[in-house]
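The structure appears right after this line, and notes come after that.
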Amino acid sequence: MKNIIVIKLGGIAIENLNDAFIQQINAWHLENKKIIIVHGGGQVISNLLTKNNHSTIKIDGMRVTAKNDLPIIYDALINIVGHQLLERLKESNLEFFQFKEKIKELVSAEFLNKNIYGYVGKVKEINTMLLEKMLSRDIIPIITSLGVNEQGEYLNVNADHLATAIAKKLKVEKLVYMTDVPGVIEKDKTLATLTINEAKTKIENKIITGGMIPKIESAIQTLESGVESILIANNLQKGTIIRGD
């Protein structure tokens, strides 16, 4: 379905959603674009864990998750971040569906490495039929970064990886990573475009560093699966567009 746009929102991006974001969502809707929104929890999860006297440990950027952390993480993702996002998006007058318990029907996951990360999952399967049914009715799904394993247990899933998995599975037109930076930065300037080979070279030459590396690597894999373009930005219009060579 080439008219689908997947938008991944980080915690800071959700806090800073502005009228321009709502206007762009409405504009895409008028162009008959189908939209899917994926979000994580970030600092909200950390704050709620701390409030409940649970520690936050990260290994390789992944939040180590104990089984008794999951009710708190669920609460942060669904009842705080997801609810806040839904209330903001309602200003567009479009129809949205927030995945809560129904996430069990959408995202199948398995342990990433239980011995190291605990109840952290990697995406195993996406129920694309469920998404396509919603999109055909002009409903915009709001999907949080959780998955469910074969035992029916919730697993904490990386939101970037979940958005990538959905984009690859549906072979969407565009994937947007909304972050707290305007795009890929080189010499204090935002790069307008990047090809796959240029991106790989900039990683090798340490021009692209830190938290941007996994985003770029995910972008490359997504493009190679058939997605047309990826936008990394702090808005929906202008940032760094990555395309195939």
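The backbone N, Cα and C atoms fix where each Cβ goes, glycine too.
Sequence annotations record features per position, and here Swiss-Prot assigns substrate binding site to G41, G42, R63, N156. Around R63 (substrate binding site), taking its Cβ as the centre, 22 other Cβ atoms fall within 10 Å, counting all chains. In the three-state DSSP reading, R63 (substrate binding site) counts as strand.
For K8 (among others), the entry in Swiss-Prot reads site 'Transition state stabilizer'. In this structure, K8 (site 'Transition state stabilizer') is part of a beta strand by DSSP.
The Cβ of K215 (site 'Transition state stabilizer') has 20 other Cβ atoms within 10 Å, all protein chains considered. Classification of K215 (site 'Transition state stabilizer') by DSSP places it within a helix. The site 'Transition state stabilizer' annotation in Swiss-Prot covers K215 (among others).
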For the binding-site residues G41, G42, the largest set of other C-beta atoms within 10 Å encircles the C-beta of G41
Whole-number Å value of the largest CA-CA distance among G41, G42, R63, N156, listed as substrate-binding: 12
What is the separation, in Å, between the Cα atoms of G42 (substrate binding site) and K215 (site 'Transition state stabilizer')? 16
Please report the number of other Cβ atoms within 10 Å of the Cβ of N156 (substrate binding site). 27
Can you check which residues sit near K8 (site 'Transition state stabilizer'), meaning Cβ under 8 Å from its Cβ, same chain, 6 or more apart in sequence, and list them in order? V38, H39, A159, D160, L162, A163, L175, V176, Y177, M178
